[in-house]
Amino acid sequence: MRLVLLGAPGSGKGTQATRLKEHLQVPHISTGDLLRAEVAAGTPLGLQAKEVMARGDLVSDEILLGMLKERFSREDTQAGFILDGYPRNLAQAAALDELLASLGQKFDAAVQLVVDNEQIIERLAGRAKAEGRADDTPESVRHRLNVYDEKTAPVIDFYRQHGQLTVVDGVGSLDEVFARIVEAIQAGHEVG
Ligand code: ADP
């Protein structure tokens, strides 16, 4: 199963991906996690990305595509994948299509987790306290939500127009949301 998870920051993509990965036995590829690992390791790429991420802006498409190509060249993605945090703009959506085509692959579904803005802000405030992520400051959260509306929301329309979008209600307990996703991707599979 090849899945792309879409949704605003704080919509629960990472949390659900962790569960889906066990369920589907495929790797979870989080571009945010890949970037944070580069920052933590102090690589040149990490040094470039650090400030951009702390502000809540998008790291360059070029860096992201390079990282993704590298990740997809690893054997474990043959079984499938759950992509979380990519694509975040239309250029990245086109780049993903191209990358998968070059690998002779196609994803099965783009799943959008829908959570209203008020709840997103509440969740991110909670996460800021619990995890202390550099980009969970109020200014950065606000900025990330703007970037999402401006750059990432069009990606959802793009997949909708291509008939690849599955919309899932992301409000509820972790178990409830997980069950909805599993149901949605199974239904999508049956319809083809
Ligand atoms: P969240 O979804 O909570 O914003 P992520 O962990 O997905 O968190 O991403 C954190 C940050 O990493 C983003 O705000 C951005 O700076 C950078 N990032 C992650 N994925 C991408 C991407 N596909 N393109 C550009 N920047 C990205």
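Just so it is clear, glycine is given a Cβ too, placed from its N, Cα and C backbone atoms.
Within the set 30-59, 90-119, the record from TrEMBL flags 30-59 under the feature region 'NMP'. For the ATP site, TrEMBL lists Gly10, Ser11, Gly12, Lys13, Gly14, Thr15, Gly172; matching the candidates Arg71, Arg127, Arg133, Arg142 against that entry yields Arg127. The CA atom of Arg133 (AMP binding site) is located 8 Å away from the CA atom of Arg127 (ATP binding site). For Gly12 (ATP binding site), the nearest neighbour among the binding-site residues Asp57, Val59, Tyr86, judged by Cα separation, is Tyr86. For ligand 1, the binding-site residues lying close by, meaning a CB under 6 A from one of its atoms, are Val59, Tyr86, Arg88; the full candidate list was Gly12, Thr15, Val59, Tyr86, Arg88, Arg133.
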